[in-house]
Amino acid sequence: MPNIFNTSRHFLPSIIPGQFVVTMKEDIPNLNDILERILPPLRNNSGLEEVIRFDGLFKGFTFRARRKKAQPLLLQALLALPFIKAIEPDQLFYPELASVNSIGGKWEVPTGIFRMQSAQYNRNANELAWVQPNVTNKEVVVAVLDTGIDAGHPDLVNNVVGGLSFVGEDPLEDLNGHGTHVAGTISANNNGFGTSGAYPGTKVFALQVFNKLGTGSTSSIVSAINWLASNGRASKIRVANMSLGGPSSVAVCNAVYWAIKAGITFVVAAGNQGRSMLGSSPANCADTLAVTSVSDYDGLPGGFGTPVNETDLDDTYTDFSNWGSTATAARTIAGPGRLILSTWSRKACGTYGMQCVSWGPWAFLSGTSMAAPHVASVVARCYRAGVCNSNNGTELARIMALTRDFNLANPGYGFLGDPSRPVPGKYFGYMVWGNRW
């Protein structure tokens, strides 16, 4: 399984030049009235051009400063207004993808799904039996904020219930592939064909915040989160997966805050920079469930698997994974993130150097992007089983407590880097347990 493409954000641009996102204070009366009053003179005098208006639970706007020399005075004038909370550059965000590996083909249950099922099981047993969903009458939809989803993929048939794009593309095509991979880890059908998701048949909704090149912005992400806050629950969305990251953002965290208050649980990638996640959004946003990454090569606990062209040993934290701290321990959890097999978009052959088979495709990817949807599937199962059914903060604490208690009762289930075998100064959380409901 040779590694054919390694991703890095070190040399990617970080902002949209001359473009800024404004976060308004929570107690403003009417956003439209305020903007219609303050923006016209700024357009005439400073070259301000409004790009997007956020008039949902999160209120603010994005603007472009057309006159570079007037930009400092423009920012100063805006910050002096009493109803503006913060102004930040419109930053660029990217999928939290660490590496892409060769294509999959035959039917195979991903090792990560076996790994999160239990401390004890027989890998030689019927693989189909290990991933049967706990079907109830309660439908729960998971929103995937990503590059879109290939709704026609043979392993995702009937699972994609809708989509919206905030970058002007078709959210149900996915010309990049990353979003389809994330969606497959959550919901790929358990049909003896290709692969299976952690919770097969789960309904997913594509919120496209990245274009085909895998580039999004503060504005596109805030737009999607704001839509979720206003419309998510009516669309049966209870969980939002964000396998993405970028610089710390007041706007993103404020939008997340309002969506959480509206009843959405956010599962987010911790990031792939091998550093504290406190400098990256949405991983540093309060009340999100931040997911670090564990390497597993055999689907079993114990550390006996053989690494495949990778540097990490079996059942250890991955070298790329960001980490939390004692301050974030209550919302930091670990999931399988190395060499994860899942669905790949049929229209993304060639991206990241991928060479696709015509009847698939599937691919092995690594990153906290891959760890997060494992956890999102567990949260969805909790809601669908009726165990999680009240406010978001309560459910996050419930899932964390169950995971902690299972790890403490089954010490062999964990990994090098978890709280029982910690790495000084780095908190990766307990390994998610996916066999509770």
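FYI, residue positions are counted from 1 along the chain as it appears here.
Placed from the backbone N, Cα and C atoms, the Cβ positions cover glycine too.
According to TrEMBL, the features are:
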- D146: active site, charge relay system (ACT_SITE)
- H178: active site, charge relay system (ACT_SITE)
- S369: active site, charge relay system (ACT_SITE)
- 138-382: domain 'Peptidase S8/S53' (DOMAIN)
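Feature map: annotations from TrEMBL on the structure.
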residue	record	DSSP (3 states)
D146	active site, charge relay system	strand
H178	active site, charge relay system	helix
S369	active site, charge relay system	helix
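A mean pLDDT of 93 is what the model gives for the domain 'Peptidase S8/S53' (138-382). With respect to their backbone Cα atoms, D146 (active site, charge relay system) and H178 (active site, charge relay system) stand 7 Å from each other.
For D146 (active site, charge relay system), the number of other Cβ atoms no farther than 10 Å from its own Cβ, over all displayed protein chains, is 31. The two recorded residues, H178 (active site, charge relay system) and S369 (active site, charge relay system), show a Cα separation of 9 Å. Just so you know, the Cβ of S369 (active site, charge relay system) picks up 32 other Cβ atoms within 10 Å once every protein chain is counted.
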